[in-house]
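**Q** OK, TrEMBL features for this one:
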DOMAIN    74-278  domain 'ABC transmembrane type-1'
TRANSMEM  24-49  transmembrane segment
TRANSMEM  69-96  transmembrane segment
TRANSMEM  108-132  transmembrane segment
TRANSMEM  160-180  transmembrane segment
TRANSMEM  201-230  transmembrane segment
TRANSMEM  262-282  transmembrane segment
Amino acid sequence: MAALIEIASPATAGRRAKGAGGRWGWLLLPALLLLAVLFLVPLGLMAWRSVTEPATGLGNYSWFFTSDVAIATLVRTLAVGAVVTLVTLLLSYPYAYLMTVVSARQRIWLTLLVLLPFWTSLMVRTFAWVVLLQDSGVVNRLLGAVGLGPLHLIRTPTGVVIGMAQVLMPFMVLPLYAVMSGIDRRLLNAAQGMGARPAVAFLRVFVPLSLPGVGAGALTVFITSLGFYVTPALLGSPDQALISQQIFTQVNGLLAWGRGGAMGMVLLAVTLVLLGLVGVVLRFTRTRGGAR
């Protein structure tokens with residue numbers, strides 16, 4: 001009996017799991033080394049150059065925070081990222097829900113459609129949108145056929161949002177599907193059995209339970225969108241460039257590595273602050289939900 005109690009003890013299980021983690025933790029070493037070489041070292045060099053070129057000090061950061069163009073570029077980047085996240089969520093939520101209610105064979109096809117962008121070059125997809133969104137493209141022809149066009153979509157923020165949303169949609173669909181597929185549908189039946197209409201049951205039961213997937217997908221899409229370069233460069237206007245394009249111009253066009261590094265570090269700091277705020281909000285939400 002004592003042996004059975006020891007096996008079932010959570011403390012014993014925790015010690016065994018910790019011991020197993022210690023024995024196999026060295027397997028993470030290659031990935032950590034790769035991360036250090038490909039991410040931490042370049043990040044450190046960028047931070048170093050931001051305070052040493054062309055002169056030692058914080059002149060590059062002073063330039064950034066006193067430049068109306070730089071501040072406007074940062075605000076525009078955050079705004080485009082927020083709009084892309086919202087559009088991606090509106091497109092991905094019903095798609096992910098559909099994946100949970102169709103048959104297994106249909107789910108395979110829907111999953112393949114989601115994963116297809118990963119198998120296609122970003123450059124190819126963006127050039128395809130250039131062809132589709134141009135004034136004489138397929139999209140404008142369809143809009144003209146229904147009396148809504150033609151519209152000027154290329155070299156505009158609208159074109160950038162369309163292209164980025166299509167590229168980032170898998171990063172929203174997959175977390176949503178992972179969470180939605182684990183929701184017990186009997187909860188919806190129970191709510192309807194207690195008198196709730198199907199739409200009310202969906203909004204009051206299913207949607208709140210899917211919020212972890214919404215948060216994970218939205219965070220991934222938003223952070224990824226902040227560093228996009230190819231799609232905004234090809235679909236957007238030079239007059240409305242995002243911060244990634246400005247960094248490219250500073251480094252490759254003007255050879256101002258210090259200013260480019262400062263812009264990158266500011267973007268990193270803003271991203272970390274936003275992550276911290278999201279973490280605080282999620283922690284507050286969980287605490288409030290637990291109190292209830």
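Just so you know, glycine gets a Cβ as well, placed from its N, Cα and C.
Annotations in TrEMBL come from automatic prediction, not curation.
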**Q** Find the member of 24-49, 69-96, 160-180, 201-230, 262-282 that has more C-beta pairs under 8 Å to the transmembrane segment (108-132) than any other listed stretch.
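**A** By Cβ pairs under 8 Å, 160-180 leads among 24-49, 69-96, 160-180, 201-230, 262-282.
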**Q** For the transmembrane segment (69-96), give me same-chain residues lying six or more residues beyond its boundaries with a C-beta closer than 8 angstroms to one of its C-beta atoms, as numbers and ranges.
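**A** For the transmembrane segment (69-96), the nonlocal Cβ contacts are 63, 110, 114, 157, 160-161, 164-165, 168-169, 171-173, 176-177, 180, 210, 213-214, 217-218, 221-222, 225-226, 232, 240-244, 246, 263, 266-267, 270.
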